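Chemist: Handing you a structure now.
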Amino acid sequence: MNNILSEEVLNVTDFTTSRQLTLWKREDLQSPQLDDVAEEVPVALVYNGISHVVMMASPKDLTHFAMGFSLSEGIIDSPREIYGMDVVPSCNGLEVQIDLSSRRFMGLKARRRALAGRTGCGVCGVEQLNDIGKPVQPLPFSQTFNLGNLDRALKHLNDFQPTGKLTGCTHAAAWVMPSGELAGGHEDVGRHVALDKLLGRRATEGEEWRQGAALVSSRASYEMVQKSAMCGVEILFAVSAATTLAVEVAERCNLTLVGFCKPGRATIYTHPQRLIAD
């Protein structure tokens, strides 16, 4: 197995395909021409030789995705419980082969579920409706964020969507430092997958990634709130709206949820005490 920090070294063009498309503009149906379309492939997460989940995803940053999914789904509590990963092609897509600790693998087998992937679907394969909104340890109130610094982050979020710039087809998730600087970010055709990539990256970065907040380019669903809380993220900013269940879960687990984030404005759904308005 390769070191868990190993990543696929590919160019942005490896995540797009040129296809012949016909463009329409008012009163003008143009002749077919080549344009970029985002790649979407089945990605199987295989723990100790057993396939656990198949998700539709962009074929990059997959070790970060596997780490983030493992943490946000409660398969592991610490990156140290994964000993290594390899990304390998399979007949229909890609596999991330994960070397999981024996103790965690026994627990995984006890709760095993088969997820058949729609794009970034966080609910597919849950065996009972009662499994939705599983209990999350309430978060501490150890973080604060000055909303005056959010504009800087919003301005540069698009920098982490190179495939999105070519295709208009990806979501982004980025880590915002207290200063508003973006420490890093990831993109994917699935918003949940983009967030898992960010959470996996954060788990393997240094202490500077402990302070700050997560920022997503999409709406905030309950799964995204729950994944963030499972990974100890206290503040989640979303460019679009939040759902009612997302607000309920955020309230229950002490997560500060903020939606409709635009320059100079935002909607605070839960726990505003972490936020400073300058």
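Using the three backbone atoms N, Cα and C, a Cβ is placed for every residue, glycine included.
Note that the structure is predicted; figures quoted are calculated from it, not measured.
I grabbed these lines from Swiss-Prot:
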- CYS121: active site, cysteine persulfide intermediate (ACT_SITE)
- PHE260, CYS261, LYS262, PRO263, GLY264, ARG265: Mo-bis(molybdopterin guanine dinucleotide) binding site (BINDING)
Chemist: Which residues does PRO263 (Mo-bis(molybdopterin guanine dinucleotide) binding site) neighbour through Cβ under 8 Å, counting only same-chain ones at least six apart?
Modeler: ASP151, LEU154, LYS155
Chemist: With a radius of 8 angstroms around the mean position of the C-beta atoms of PHE260, CYS261, LYS262, PRO263, GLY264, ARG265, what other residues of the same chain does the Mo-bis(molybdopterin guanine dinucleotide) site pick up?
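Modeler: Filtered neighbour residues, in order: LEU150, ASP151, LEU154, ALA266.
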Chemist: Where does LYS262 (Mo-bis(molybdopterin guanine dinucleotide) binding site) sit in the DSSP three-state scheme?
Modeler: strand
Chemist: If you count other CB atoms within 10 A of each CB, which of PHE260, GLY264, ARG265 wins among these binding-site residues?
Modeler: PHE260
Chemist: Taking the Cβ of LYS262 (Mo-bis(molybdopterin guanine dinucleotide) binding site) as reference, which residues of that chain separated by at least 6 in sequence fall under 8 Å from it?
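Modeler: Counting only residues 6 or more apart in sequence, the Cβ neighbours of LYS262 (Mo-bis(molybdopterin guanine dinucleotide) binding site) under 8 Å are LEU154, VAL239.
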